[in-house]
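Report on one structure; see the data block that follows.
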There are 2 protein chains.
Amino acid sequence: MEDIEIAQRNEANEIQPITKIAADLGLTADEVEQYGPYKAKISTAALQRMRKRPNGKLVLVTAINPTPAGEGKSTVAVGLADAMHRMGQKAVLALREPSLGPVMGMKGGATGGGYAQVVPMADINLHFTGDMHALTSAVNTLAALIDNHLQQGNALHIDPRRIQWKRVLDINDRALRHVNIGLGGPTSGVPREDGFDITVASELMAVLCLAEDLADLKQRIARIVVAYTYDRTPVTVDMLGVTGAITMLLKDAIKPNLVQTLEHTPVLIHGGPFANIAHGCNSVVATRTALELGDVAITEAGFGADLGAEKFLDIKAPVLGKTPDAVVLVATLRALKYNGGVARRDLQATDPAAVRAGFANLQRHIHNLQQYGLPVVVAINAFANDDPAEMQLVQDLCADQGVKAVPVTVWADGGAGGAALATAVNDALSTQHQFQPLYTDTMPVEDKIQTVVQKIYGGRDVAYARKAQRALKTIKANGWDHLPICVAKTQYSFSDDPKLLGAPTNFTIHVSDIIPKVGAGFLVVMTGTVLTMPGLPKHPAANDIDIDANGHITGLF
Amino acid sequence: MEDIEIAQRNEANEIQPITKIAADLGLTADEVEQYGPYKAKISTAALQRMRKRPNGKLVLVTAINPTPAGEGKSTVAVGLADAMHRMGQKAVLALREPSLGPVMGMKGGATGGGYAQVVPMADINLHFTGDMHALTSAVNTLAALIDNHLQQGNALHIDPRRIQWKRVLDINDRALRHVNIGLGGPTSGVPREDGFDITVASELMAVLCLAEDLADLKQRIARIVVAYTYDRTPVTVDMLGVTGAITMLLKDAIKPNLVQTLEHTPVLIHGGPFANIAHGCNSVVATRTALELGDVAITEAGFGADLGAEKFLDIKAPVLGKTPDAVVLVATLRALKYNGGVARRDLQATDPAAVRAGFANLQRHIHNLQQYGLPVVVAINAFANDDPAEMQLVQDLCADQGVKAVPVTVWADGGAGGAALATAVNDALSTQHQFQPLYTDTMPVEDKIQTVVQKIYGGRDVAYARKAQRALKTIKANGWDHLPICVAKTQYSFSDDPKLLGAPTNFTIHVSDIIPKVGAGFLVVMTGTVLTMPGLPKHPAANDIDIDANGHITGLF
C-alpha cells in the first residue's frame, strides 16, 4: 500500500482535531492558530508562556552513512515517539519541514513512512502552513531589492559580480542553476550572471531555524551579507534598509507547526535547511517548544551522524542551550552492506561478511558520539526481507562495543514496532553523562576544521584551495572567525569522496571554499561542489500524481 | 492615520472570530477551514451544499477611467456592503486577492482604505491563505517540467523558441523580465531565452478564477497550451502528462477565503488576475458562493468599466451563469478633472469646467452599461477637500442622463458614509431590466473585436499588425475562434493611447498580437506592450516597513 493511501485512510477515519492534540499538551484553543482542522501554528503568546516551563529530556535521532535510498531516520523517529506515547510517556517529536521540490521529482515526501507517518501527509508535503512559501517570498523580495538598488544608482557601490544572495524556488529546476538576468535594455535591470537555489538551501532557512524568536530573527536578518562592494566591503541587509520588511514576511513562518502521527502523538514540524551547506536540523523554536511541552523531546538531524549529528551538537545545541540526553543511531542491513562494499543492486542478498565489514562505519559513528559524552542506542530499521541472522549479528557486534542495538519494525507495525527501542532509549536517558564539546569558538577556523576532520571523519589532514585560503583571510579581516563551521561534504562517506565507504582513514579533506553565513552564524566549509538546485529525473513523480474531483490524491510518496 | 494603524487597532479590539462570521452566514464550524482566528477557507462540502440555494441579487462595482492613483473601487465596494449590512441586509462582498509585489513597491495593499477596509489587513496583503503561493508553485513546477522535458530528450518535439509558459514570482522584479536560462553546460538544462511574470499575470490565475470546481479546474489545466512543436502543433499540459500534479497543487487554492470588514460584513477574497492580459475579476467560485450566501452579493472588476465591466460581462458572467442586477460606477472629482484635461499635479484645485469636460468619460461608461440593459448608479467617492459645488455638478449632470449619482464618504465614515448609495442601489435592484449580450461566441474573432471597439470604446476601426494576422490564422486553424476576447489595453483611455482622455472618437485600435489562452478560455487581444512584471521604484515601500518584537507592523499601506 502506498504511504499516501495509508495516510488518507487514516485521515478519513481516525485523525483527531488538532485542537484535541493541543489540549492534551496543555495548550488552550486560543494558543493555537488553526490551518484547517488538522494543522496549527502555536501562538507567540503560548511560546512565551512555555518559556517558563522546565525542559524535558532530549533524544537526537541520527544515522550511519546511508545508501542513496536513505535509511529511514524520520520513520524511526516517528515510531519511537509513538512507542513512548503508547507507554504513557509525554513524548513530543520535532521534525524538519519537507521541501516541495523532491515531491515532484524522485525522493518523495519526508513525513516518515508506512504506519510510522505524520499526517495530514499530503498537506505537510505540499504547502503545509506556508512556511516554505514565506521563505521563498522573503528571499526573492530581498533579491529584487538588491537588483533594484543596482538599477536605481547603486549608492552602496555593490559589485554586481560579487552579489552573494541568490533567488530561490521550492522546485527541482536545473534550468535555473545558471542564468543571466537583467537583460532587455536599461529599463529592465542591470545585466549580470546569477542562479537560483532550492528554497531550503537559502541562508534565510538556516536563519529562521537558528533564530530564538522574532527579535533574534530580525537581528540575524540585519546581519546577512548579501554582497560585497567594489572595494570588498560586506553589504548587509541592514545597509539596504529593508530588515523590517523581510522580517515581516516571516512573522508567521517563525511559529512552529503542530500536527500528529497516525497514532496521535504530537509532532512539531518546523524548518528544514539543507544538511550540507546548512546545518540540516529543524528549528530551535520547535525543538525548544518540544522540550517544554513534553517529558521527552525527539528530534533528528539530516544525513549521517558525521554531518547531521556533528552540526546538531556544534551549531544548533549552543543556540538551543541544551544537548541531547541520548542519541539513537539508525542503521539498516542494506546500509551496512553498502558500507561493506556491496553494489546497490545486490543489497537484497544475504551477506553476513559484508555486514561485518560495513559495521566499521557504524562503529566509528558510535565512537564519535561517545566522544561527545553521549549515551548511544542503535536502532536497526528492519525491512520485510531482512535476514534474522544478520540482524542478530549487528546486535552482537554492537554488544561487543557495549552498545545496545534494537531492531525496529515501525514502518510495518507503527509504535508497537518500536517498543523495544523505547525501552532501550529510556534506559539510556537515565544514564549519567557529561557532554564534551568538540571545539571552542575561540579556536582558529583551520583548527576547528582540523578537529572535525580528525575526530569525527577519521581523516588525516586538510588541503585548502587558493579560493579557500583567500576566504580565510576575508573571514579573519571581518571578524567572523568566532563562528562555528558547517562542512558541506558528501553524505555517503566520512571522507569527501562518495565512493570511499566504510571507515576510511589517512585521507585528506579538500576545502575548495569557505562561505561565511553571518546571519545564520556559521562558516560553510565547501569540499567539492554541492548542487543547491536539484533537477528532475527522466520520469518525474509529477507524472504519476493524480487528484480526482473529490480531492482524493494518488501517486504521492 | 495609516490604513495599517486603523486596521491593527480594530483587530486588537473589535475583530470577530471568523467562525462567528461564518455562523452568521449559516455555515457550521465543520464547514470552514480556519487559517488562524480571522481567516478561513470554505470547505468543498459546504460549497456543494450551497449549490442548492437560490441566488441573491448581484451588484457589480466598476469605475470611470482612473487617474494613476486609482479611484477607490474596492473602498466603495466595502463601504456599500457595510452600509447594506447596517441596514440589516444580508450583504456578502466578493473581492480580488491582493498581490504581494506591489506591497513592497509602491501601490500598497488592496483591501479598501480608511474605515472601509477588510481585515486582518496585513495578513490579507501578505501571505493570506497561501493561494498566490500555491499558484506560484504550480506555475513554476509546470515550467520546470517543460524544461525537464527538453532536457530528457524532448519526445514531444517542443520548439524551445516557442515555449509560451513563463515562470512567475509574486514580486516586482524587473531584472527577471528578460533572462537566459539553462546555461552552465549539458547537465544544467537546455539554454533558451525566457522571462518571469508576476504571479497574477499567469494564465493559471485566470484559470483558477474561471474554474467552477476542482473537476473543471483540472479540465482547464489539461487544455492549457504551454508551447508549440517545431511544426507548430500546440503542446498542452495534458500531453505532458502532469495535469493531476498541477491540479493537486491548487486543491486548497480553489476554495474561497472568508474574512470580514471593519464592520463585520462577510467578505470572500479569492483570486486576482491582471485586468489587462486577463479578465481582472475575483473567482467564479467566490462570486457564486457570495450569491448563495447573501441576499445581495457585491463584487468588483479591475480598471475602468471599458476593461473591467466589459470583461466581467463578456467573459466571467457566461461562466457564472448570472449577470449583474445593478452596476455601481465609481467616479471621483479628480478623475473627472483628469479626464477633462487637468494635469496630475493640479487635480486638487477647484475647476468645474474641467469636471464638466471630464463628464464625457463618465457619460460614455453609463451609456455602455445601459447598452447591456443594466441599471446604473454612480458613486462619487469623496475626498476630504472635495468642493461641494463640484459634487453637486456631477449629480446634476448625471440626473440629466436619468442616472442617480450619490456622494459616498466611506473612507472617512465606514458604512455610515455609504447609506445613500445603498438606498440608491436597492432602488436599482428593484428595477425591471433585461440583459443584452454584446456579442455571440459564433461571431468571427475580428467581429468580436470590432464590436467591443465600436460599442464600448467608441472607436472607429481596428488595425492588425502582421503578427496579429498570423495569430488569427493559428486561432482559426486550431478551432479556438469560439472563445471570447480579452483586450489588453491601457486603463487610462477608451483608446489604446493613455494620453487620449475623456471620450475620444474616430480612433483606430492597433492590435499587435492575439494570444490564445485556451485553459482560461479567452483570446488576449494585445494593443501595444503590456508590462507583466512590474519594477520597484527608487524608494520602495519595503524601506518604510517595520515590525517590532511583538509583531506590530508599521509602514504597510
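Quick reminder: no glycine exception, Cβ is built from N, Cα and C everywhere.
Feature list (source: TrEMBL):
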BINDING   A:T67, A:P68, A:A69, A:G70, A:E71, A:G72, A:K73, A:S74  ATP binding site
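Take the binding-site residues A:T67, A:P68, A:A69, A:G70, A:K73: by the count of other Cβ atoms within 10 Å of each Cβ, the lowest one is A:P68. Annotation for A:G72 (ATP binding site): same-chain Cβ neighbours under 8 Å, separated by at least 6 residues, are A:G113, A:V330, A:T332, A:N381, A:W411. Using a 10 Å Cβ-Cβ cutoff, A:S74 (ATP binding site) registers 24 neighbours. If you draw a 10 Å sphere around the CB of A:E71 (ATP binding site), it holds 22 other CB atoms from the protein chains shown.
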